[in-house]
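Worksheet: the structure to be examined is printed underneath.
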Amino acid sequence: MSWGTELWDQFDNLEKHTQWGIDILEKYIKFVKERTEIELSYAKQLRNLSKKYQPKKNSKEEEEYRYTACKAFLSTLNEMNDYAGQHEVISENMTSQITVELTRYVQDLKQERKSHFHEGRKAQQHIETCWKQLESSKRRFERDCKEADRAQQYFEKMDADINVTKADVEKARQQAQTRHQMAEDSKADYSLILQKFNQEQREYYYTHIPTIFQKIQEMEERRIVRVGESMKTYAEVDRQVIPIIGKCLDEIVKAAKSIDQKNDSQLVIEAYKSGFEPPGDIEFEDYTQPMKRTVSDNSLSNSRGEGKPELKFGGKSKGKLWPFIKKNKGAAPEDFSNLPPEQRRKKLQQKVDELNKDIQKEMDQRDAITKMKDVYLKNPQMGDPASLDHKLTEVSQNIEKLRLEAQKFEAWLAEVEGRLPARSDQARRQSGMYDTQSPATVNNCAQDRESPDGSYTEEQSQESEVKVLATDFDDEFDDEEPLPAIGTCKALYTFEGQNEGTISVVEGETLYVIEEDKGDGWTRIRRSEDEEGYVPTSYVEVYLDKNAKGAKTYI
């Protein structure tokens, strides 16, 4: 099977076909190039997606990644980043191994094709020139033969005519002989050119054209093979990254399997456990006995006298709703006494651990300076030992300061651990009452909002000291102006506020937010100037005003 023998007369069609082959190759190059652009764009989008959902540093989100489910999600984000990297590898390899190589090959192919068809056209022009020479010789031979015949006929006519002179006859005879000689010369020339043309034509159709077409055929077959090899490379580039992509997916599955719901539940306990005990039974108050009523340990009562009504928290409270929260004005205390016992213990333990790390770091620095001083003592040419005394003294002072600080927090920690429910059999849950310890003790005890039942937990040293007068709280409330709204909220569910300090809301109702959730699951809202209270944070959707005073913005 050879194009030179089978397609000897299809020069123009072969020229079109080979051009089509180059067009196909360029189309494939364009396809691969667009694929690499898609891979790069996909990788970029995956990286941006992974970056978008990464936890922000020093934010609340970073604390959430203690949970195993969040850790698994973080692992997924990291693996997706590696996954994106493999798509970048695909793009790079396809560009270098296919696009660049084929583009260079196409340029060479065009030059080779141009050379072959230029050679073919040159052979065509040569055979056409030979053909024109043959046709010209043939026409000249034909013309000379006709002229010789006419001269012969004219001579015979003159010779037969008796009226023509002998001189004229002789002239006609010579003219006829001349024409015959010219015809013979043209015949010989035509014969020679014909032989030469036939030889050129045999060489053209059996030697030149087959050789040229064979080269074109080989060129086209190489192009086809190159396309096939490029397609294999295309698949191999993808196949090479499959193991790594598989590892990324395996790591995602591994991270998913590492999720431990029990561990996450325990972390929730550690994060929100207050350390208080549940409230005890409320004692029966017998109103049938004609005796002075005493203050109940577990109820919110009015001890100021018969004429003063009890506090009503469903109505206007002038900015404070006791007993849900005792507001801590200004910065949080150093000993974290504003937190419930368990949360306070965790914070103190964390602070002690941080101080111990700082102490260890300073001690390591002191040891390093001491070693350097020893080196200077042994080798004075390396440095002056006295130059390190100031630095050594400074580090020692820092260590002493940190140790004193650590001792202070350890004392508070020991105090809190001594008050936790595990050993505080005197601890009680007061239903809406402040702790009645001495002022010095109150400052070191946790005071915060409590569970949705409206109760509050406090520690007390002696039951006999429970003497809370409603007048004290009335005075405290009267001194403050109503809190400003810091945003709005929409009730997602209906909530029946049956406990003191809470407020009922209806699904879909819009209210004002005057104090956001402090971490205990309750949000303080206002319906009007006369109605405000707490509702569960999960029951409302909050829209905080960033410009409002006291509003926090979480990023």
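Heads up, the Cβ atoms here are built off N, Cα and C, so glycines get one too.
Annotation comment: TrEMBL describes 1-264 as domain 'F-BAR'. Predicted-model confidence for the domain 'F-BAR' (1-264) is 91, expressed as mean pLDDT.
As annotated by TrEMBL, coiled coil applies to 155-186 (among others). Note on the coiled coil (155-186): residues 137, 140-141, 143-145, 147-148 of its chain, located 6 or more positions outside it, place their CB under 8 angstroms from a CB of the stretch.
Here TrEMBL flags 338-415 as domain 'REM-1'.
Residues annotated as coiled coil in TrEMBL: 345-372 (among others). Only residues 6 or more beyond the boundaries of the coiled coil (345-372), in the same chain, are considered here, and those with a CB under 8 A from a CB of the stretch are 270, 275, 335-336, 339, 383, 388, 391-392, 395-396, 398-399, 402-403, 405-406, 409-410, 412-413, 416-417, 420.
TrEMBL lists 422-464 with the feature region 'Disordered'.
Taken from TrEMBL, the feature compositional bias 'Polar residues' covers 433-446.
Annotation comment: TrEMBL describes 484-545 as domain 'SH3'.
Helix first, then strand, then coil: DSSP counts for the domain 'SH3' (484-545) stand at 3 helix, 32 strand, 27 coil.
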